[in-house]
Amino acid sequence: MTKDELTEEESLSGKDYLDPPPVKTFEVRELKKWSFYRAVIAEFIATLLFLYVTVLTVIGFKSQTDINAGGGACASVGLLGISWAFGGMIFILVYCTAGISGGHINPAVTFGLFLASKVSLVRAVSYMVAQCLGATCGVGLVKVFQSTYYNRYGGGANMLSDGYNVGVGVGAEIIGTFVLVYTVFSATDPKRNARDSHIPVLAPLPIGFSVFMVHLATIPITGTGINPARSFGAAVIYNNQKAWDDQWIFWVGPFVGAAIAAFYHQFVLRAGAMKAYGSVRSQLHELHA
């Protein structure tokens, strides 16, 4: 269907797009489809590659700026380079996997989409497990290939930086994840996609750019989590007490941020609550007519 060919339902509602129906919470029939397992595998591989490239970049940055090892600030990629590595990999991997799994690569994104009824509980849990396993394997490969530098430079693990309290750390993770998940909702909004055929193709770009911008802002505070799988995988392989003590920050913050973004987009910007209220009023009116 082209944008100029409206169905009778669309004409009556005055809409030139169709919202996809909400996904059932318990959609067990997915377990019988190969496309489901293909999507889970895609999430595993994408998260593995994401952690492999980004953690290598972080360790390379720290080794190049280590004065004791003959490095210097001008010899490294800097925070800008690290941010580009994270944002660039998200752009690449979302572009590659969007048509297969939706390109989540992040339990917080999956959680936000689940709350918005975009994915089922079965798919959400499976994605999160695959993402955490992929992240762990990705960091494991980094340790194998960079065994000399891995433990010396912190293993790319997320930890609350000195001088910041827990509240600041959690707040940074909440706001950072809100920016990311809000961008995901906006970039994949069917209303916007219906009006511009280029939007679906370009969606990975703003998503990756949001990751880049959030990293610039929050690397000094928490090292930037906004992705529980990224934080979990690094903590498992690095296995440092402080990394484990701070681990909850990188789950609570992102999940709260994702929940707020889902609520804001669905019930404020898309007026989900008003639509539901209007539907109930219409049904009650028909019953009493």
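Cβ coordinates are placed from backbone N, Cα and C, and glycine is handled just like the others.
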Check: Phe61 and Lys242 same membrane side, Swiss-Prot record: yes
Leading stretch by Cβ pairs under 8 Å, where the reference is the transmembrane segment (249-269) and the options are 39-59, 81-101, 125-145, 166-186: 166-186
Recorded stretch, among 39-59, 81-101, 201-221, maximising Cβ pairs under 8 Å relative to the transmembrane segment (125-145): 39-59
Tertiary contacts of the topological domain 'Extracellular' (222-248), as residues 6+ beyond its ends and Cβ separation under 8 Å: 47, 50-51, 54-55, 86, 105-108, 128, 131-132, 134-140, 142-143, 150-151, 154-161, 164, 169, 172-173, 176-177, 180, 211, 214-215, 254-255, 257
